Amino acid sequence: MDYENDPGWKYLRRSREEMLQDQSRAYDSKKNVWIPDSEDGYIEGVITKTAGDNVTVSIGQGAEKTVKKDVVQEMNPPKFEKTEDMSNLTFLNDASVLYNLKARYAAMLIYTYSGLFCVVINPYKRLPIYTDSVARMFMGKRRTEMPPHLFAVSDEAYRNMLQNHENQSMLITGESGAGKTENTKKVISYFAAVGAAQQETFGAKKAATEEDKNKKKVTLEDQIVQTNPVLEAFGNAKTVRNNNSSRFGKFIRIHFSKQGRVASCDIEHYLLEKSRVIRQAPGERCYHIFYQVFSDYLPNLKKDLLLNKPVKDYWFIAQAELIIDGINDKEEHQLTDEAFDILKFTPTEKMECYRLVAAMMHMGNMKFKQRPREEQAEPDGTDDAERAAKCFGIDSEEFLKALTRPRVKVGNEWVNKGQNIEQVNWAVGAMAKGLYSRIFNWLVKKCNQTLDQKGISRDHFIGVLDIAGFEIFDFNSFEQLWINFVNEKLQQFFNHHMFVLEQEEYAREGIQWTFIDFGLDLQACIELIEKPLGIIAMLDEECIVPKATDLTLAQKLIDQHLGKHPNFEKPKPPKGKQAEAHFAMRHYAGTVRYNCLNWLEKNKDPLNDTVVTVMKASKEHALIVEVWQDYTTQEEAAAAAAKGTAGAKKKGKSGSFMTVSMLYRESLNKLMTMLHSTHPHFIRCIIPNEKKASGVIDAGLVLNQLTCNGVLEGIRICRKGFPNRTLHPDFVQRYALLAADESIIGKTDAKKGSALMLARLVKEKKLEEENFRVGLTKVFFKAGIVAHLEDLRDQSLAQLITGLQAQIRWYYQTIERKRRVEKITALKIIQRNIRSWAELRTWVWFKLYGKVKPLVNSGKIEAQYEKLQETVATLKDTVVQEEEKKRQLQEGAERLNKETADLLAQLEASKGSTREVEERMTAMNEQKVALEGKLADASKKLEVEEARAVEINKQKKLVEAECADLKKNCQDVDLSLRKVEAEKNAKEHQIRALQDEMRQQDENISKLNKERKNQEEQNKKLTEDLQAAEEQNLAANKLKAKLMQSLEDSEQTMEREKRNRADMDKNKRKAEGELKIAQETLEELNKSKSDAENALRRKETELHTLGMKLEDEQAAVAKLQKGIQQDEARVKDLHDQLADEKDARQRADRSRADQQAEYDELTEQLEDQARATAAQIELGKKKDAELTKLRRDLEESGLKFGEQLTVLKKKGSDAIQELSDQIEQLQKQKGRIEKEKGHMQREFDESSAALDQEAKLRADQERIAKGYEVRLLELRLKADEQSRQLQDFVSSKGRLNSENSDLARQVEELEAKIQAANRLKLQFSNELDHAKRQAEEESRERQNLSNLSKNLARELEQLKESIEDEVAGKNEASRQLSKASVELDQWRTKFETEGLIGADEFDEVKKRQNQKTSEIQDALDACNAKIVALENARSRLTAEADANRLEAEHHAQAVSSLEKKQKAFDKVIDEWKKKVDDLYLELDGAQRDARQLSGEAHKLRGQHDTLADQVEGLRRENKSLSDETRDLTESLSEGGRATHALSKNLRRLEMEKEELQRGLDEAEAALESEESKALRCQIEVSQIRAEIEKRIAEKEEEFENHRKVHQQTIDSIQATLDSETKAKSELFRVKKKLEADINELEIALDHANKANEDAQKNIRRYLDQIRELQQTVDEEQKRREEFREHLLAAERKLAVAKQEQEELIVKLEALERARRVVESSVKEHQEHNNELNSQNVALAAAKSQLDNEIALLNSDIAEAHTELSASEDRGRRAASDAAKLAEDLRHEQEQSQQLERFKKQLESAVKDLQERADAAEAAVMKGGAKAIQKAEQRLKAFQSDLETESRRAGEASKTLARADRKVREFEFQVAEDKKNYDKLQELVEKLTAKLKLQKKQLEEAEEQANSHLSKYRTVQLSLETAEERADSAEQCLVRIRSRTRANAEQK
């Protein structure tokens, strides 16, 4: 049977891998220790320092603790990790025992041996270790063969009983809740199963009669098991610790016959807790039977028992808990009632028992009251008393009278004594307790009667003792004294038994030892309790002393024993919840404080004799009379005395004076006497914690129980002896390293070798002689010596391994050198072959050989195909023939089966006389044999034919598969040929098309070049014109900037101008007379208008010409774009086919020099391609490799061509882009011209309107001219101030540029550092990959060594078993030899003393004895030789195993060190990754800031250019205006000669002044804002620069520190890796296995390199951007110098602009307002944009958080789904198993029914035969004796058949029962799986709902983000609108400048 496949095996013994893992931890016997801890009992520590009596211990996580040496306890080597027997521990101490139990309990290994003890810890859950399969494992096995288990101890007891013919006992002790009752039940079930198995064996040997089978419907084993429900119902209750606690002790004796069959059973009980009937503590409950009665299992039971109240109203049982979680009282009552039936309780007995239970509940509700002024109690209501009396079957009045006024004897008379209420209540409680105790006694007696089977001899028994363990509570009373006294007795029994066995072994081994009886250690405490004048004697004495109290008892005890007895002490003051104590007693488990309250009453246990008399007189209740039958009241004793019967008198006296202590002591003495007559086995139950939590150990609680259970006491005894022992061969084999020379002797003589080895160790002062003893077969060691030997062995082994490693390294380096030389030679050969192939590949004959060879092979393939087709046809014919033969054989078999069936039918139908039946049966049997022979032959032939048919079918399938493969290959070849031809045609077509396109492209390129030259000339001209226009605009802008200073004065002038205009309106009528002059002026204006129109026509003509050219160019561009798109489509197709050829693309990129060279090279390549294509047609039938090569060449060529096309496309696109730029410039010029045209048209209209008002302005011209002169001076002053501010701005801008350059340089340095960090990171990752590969290789090697070690260990175990068998044979031979010697000595003494034998006879006897002795000696020598050989083999294998194990350990250590280093590498790399990521983030931030600053700088530069242009324009305008002002001044000085011209100019100047004023306002505001922005930018740049410098300094320092640290780490790692590489060179043998992993890692490395390259590209791009910014800054500096020059020129021209100022003011105001509106809207949009950005950032963070949560939820759902699928799989498996079992069950039922029918048929046949036998007997004279004899034989045969079938039916029924049980188990498992599935389904639904909710939230967040994005886009649109408005304002300013230029040209 494969034990390890059993589901319960993992809870019994660890696997080999787990053992090796546990035993591989580091250990130092001198440093690893245990130290006390308040929570965990003991914790592990390492001694770091010793100072006097104190030691400093490191306890993990850097913590240290200083303790005294006395409290430190040694730690055992890893060899003893989770050991199954704690007595083998080399350091036997409390800490090691606790740790071993804790470690095993954590692995759910709940059973552990401790010498003779079996310690079991309550697991608080169901474990599959009590099943039938587990029980069968342990049957018949030795204790050492199997893991610790209750069944192992039970089976050992059973085997000892059968083999030694000695009674056995199993002592199960422990605290309440530790699992005593459950273990007792398991023991009883195991013995019942073993007995039943023995019963089946016995029944198979000797058939039972039908009468016996009918009688025995319920087996004895079932009845034994069914005693548990009855005893648990009446003796178990809920306590705080245990829901089913046994409140009594029991000793169950199971009697067996000599054959091992269960014969009978009887039960004895002890110390029943009677007080629980009337009193329960909080959290506890009364006995189960009281609550089962209320469960309504029997519907009318409560009515019959008069229980008409709820259970909570019955005082005796309702003082605490009423229900128990997890226990159904109804189901329990059903089990109890069924057990009553199985145990043969009659319905009347059951009912009477229930009635007595109900009567006690009614008694608890009886109430009494005190009569006024009397010491007399009376009933307070009689309903409950009447119900109780009815249940008792007595009169209620007599019952109440007996309670309130009992009869007592006063002198010689009997009188009724009055009782007070306290006495009555005490009497009621005492009666209830006494009655329940007697009911329990009756139940046990009844069970014993049922289990007392007759007819089977009771030769031996196994007793199971289930009794409470030692108890130390806060309040210890009379009950605790007796429980502790019993445990003292049991511990003394154990100590005596344990060391008797121990010292018997010492005597057998012949070592020196002084006998010690450790049982005497407890004798003092036992004598204190039970001896005369002891506690029990004084308690009994006080019970008969008048007026004695509990205090007088306590005082007498103190006076008698305090200070006189060592175990009697004065109690210490109470602590915490402890109660007051009267005295203390020192037990083996500790000192217990006892309180004497109520001891006298509990000991006397008085009963009301009058009530007992009333109950004994019951006529309706037989049970109550029976339970009180043995009780003799005082009246009965007096009556018996009066009659003069001495026996009665003696009986009455003993009944009156028997105390509880006397009864307990009597039963205890019987128990101990019985145990002393048995061979004991000890089981100690442990409760792990008070919380009933599985897997949790409360160290203090467990240590206390180990003390109370005697486990630690047993360890104390072991320490005084030699607890560790090793066989001589094992010792020699394991420690041969310590004394190699002496160990050689040990191979032949193990004992001598062991002695010599130990002597050498003593001589070397490594051991002391008193620490060990050498026995006959074993070496005995004191505690701790084995650990010392292990340390010595490890040291020697380490030295040997070091030398071995050096040799191995040298050997592998030699192999590596040889391998490298071979590799170099192979590389040279490969290079030579490749060179030869490169020369041959262009040789024509070699190409021809390549073409011809496939054709030769194709011909062979066709021939092979034809042969295969012929073979297939042959095989098909053979298959058809074989199928026909098979069909014929099947028909013959069917025919034979049919004939057999017919013969059987005829056989059944034949019913004649006995002789005819016999003859027919004989004939039928012969025919049957013949037919069976034929059938067998036919079956064999059929099997042969079927095998042949199967083989033929296999061959047929193989041939068909080969044919199919050949067909497929042919088809593939044809398809490949067709595909190659099609590809060739397509390639040729593509090549021709591409050549045509190339020619077209060349033509187009030449045309484009010509057009480009022409366009460049035109662009040059346009560029010159644009430069001139820009210069003019620049001058105007500069003038505008200077005029902005005069805005404030201009505003005042505007107000005055408005007033003047009002005056002018009044004087309009006066100007009508001057209309003629205006008409003349109009004619002049018409003339100028016609001139302007002619100029406009010329401009329009030029524009039309340019438009035509532009359209032509656009058409050409569209044509080119269309061609390029077509080229792109074709190139895309080529790219799809040639995407994998990167190397060719790089070569093509490097191969082009210029366009003509590219064309020539392309032509050559096309020619090569054509030749390659022709060769491709010829080589179409070659191998796939050649076809692949051809495709590769084609793809390379096509790729080069595609890349050339890409270059052409790029050049064409560049040309198109240039043309597009030119077209855009022309379109812009056209737009400007159209705008100027519209402007001129508007000016003309305005001039026409201004003529009407010129007359009004003449009078004011002089006054305005004078005002202009004043304002001009003011404007000059403001212009000077503006120039100074502009110079300041230029200087600040220069500083900003220099700072920007510094920042760029710093960014470059930072990027260089990041590149260095990336290189270092790549280096670390490479080293990490190398270390990982080495670690994986070592782990595989370690696995191989581990497997080898396992195999050797298994062989070693087999050899050990063989040696043990041989040793046993040797011992047997030795015993026979010694026996013969003894007999020889006896004969010799007899001869010498008595002379009964003569000399001849004596010589003959002597010869026989000598002959026997020589034979035995020869056998012994043979056994010794065999043992020596086996030991040698075992030693050799053990040495090999140890060597392999050491090598595996070394590799494991190396692997662990590499793993640690790998983890360190991982940590270092993670830190570097984190730092690099931080640097990337900082770099991104710096680059972002740099981009922002560069953008702002660019914006400032643009604004600066705009301002410069405005200033320059304003300067020009100012100059022109100054000239005009000077001319006007001259004309005014001349008089009114030019009034008309001045009025016209004044009107124009006023309009221009308004426009200039608006432009000036706008320019001034823009300049102010730019100045503020410049200042802010300067401050921000300085702050950013300081922060960046600070960060760079910190990072540089941090980089330097890390560089130093990592350099040191790299150096140390490099040194370590060098040494490790030398040591691990042997692991390169598994390199092939790791190639797949290496490929994957290389792919990952490629991805990482690609990512690194992308990062480097990004860095280079950023560097390019920074360089561009630097270039931009340089250009800005150049422009600044130009601006300074323009500014100086503008200052010279500023005086000219005075006259134009007033007109510019109005326009500048409007522009300023528009600008402010735009700026405010822009600011609002920017703020809104910032808010949206922040919201987007928050939403992005929330989204990422939600994504993380969703990922977590998805992982949870995935785990839940996996667990769900696993549960479903388990459910399906369980369902399939259940279905299979159901099918088996149905099959067994059908078989059982069939057997039943056959049985009935046989019975009818027997009846018929019986009738025939009767008829034959009647006709005996006629038929003769011979017929009768034959009939009787026939009858016996039928009877034997009937018995056989009956046995089969019985076995089938048992099989059916087992199948039913399995079905129920599987149904339970399916239900559990279904529950788990439902739970998982609920979890999945919850997670799904949560996921949906989070998805909804994510969608809402995305919607919100989209809305914000739409808002952002809206703001951006409004911002663009504002920019357009600003552009329109600039255009307005351009118009002003153009007007100014026009006026200047006119003048």
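Numbers here mean position along the shown chain, with the first residue as 1.
Glycine too: its Cβ is placed from the backbone N, Cα and C atoms.
In Swiss-Prot, the region 'Actin-binding' annotation falls on 668-690 of the listed ranges 484-506, 530-552, 668-690, 806-828. Residues of the domain 'Myosin N-terminal SH3-like' (28-77) grouped by DSSP class, helix first, strand second and coil last, total 3 helix, 29 strand, 18 coil. Ranked by CA distance from K125 (N6,N6,N6-trimethyllysine), the binding-site residues G174, E175, G179 have G179 at the top as the closest. In terms of DSSP secondary structure, the region 'Actin-binding' (773-787) contains 3 helix, 6 strand, 6 coil.
In sequence order, N122, R241, N242, S245, G469, C685, I687 are the residues of the same chain, not among G174, E175, S176, G177, A178, G179, K180, T181, whose CB sits within 8 A of the CB centroid for the ATP site. Annotation for K180 (ATP binding site): spatial neighbours I172, T173, G174, S246, D466, I467, A468, C685, criterion Cβ-Cβ under 8 Å with sequence separation of six or more. Within the model, the domain 'Myosin motor' (81-794) carries an average pLDDT of 85. In the three-state DSSP assignment, the secondary structure recorded for T181 (ATP binding site) is helix. Cβ neighbour counts within 10 Å, taken over all protein chains shown, single out T181 as the most crowded of the binding-site residues S176, T181. If you take the C-beta of E175 (ATP binding site) and look for same-chain residues 6 or more apart in sequence within under 8 angstroms, you find R241, A468, G469, E471, C685, I687, Q705, C708. The most densely surrounded of the binding-site residues G174, G177, G179 is G174 (count of other Cβ atoms within 10 A of its Cβ). Across the region 'Actin-binding' (668-690), DSSP assigns 9 helix, 8 strand, 6 coil. The recorded positions in question are K125, A178, and the one with the fewest Cβ neighbours inside 10 Å is K125.
DSSP assigns S176 (ATP binding site) to coil in the three-state reduction, outside any helix or strand. Following the DSSP three-state reduction, the secondary structure of K125 (N6,N6,N6-trimethyllysine) is coil.
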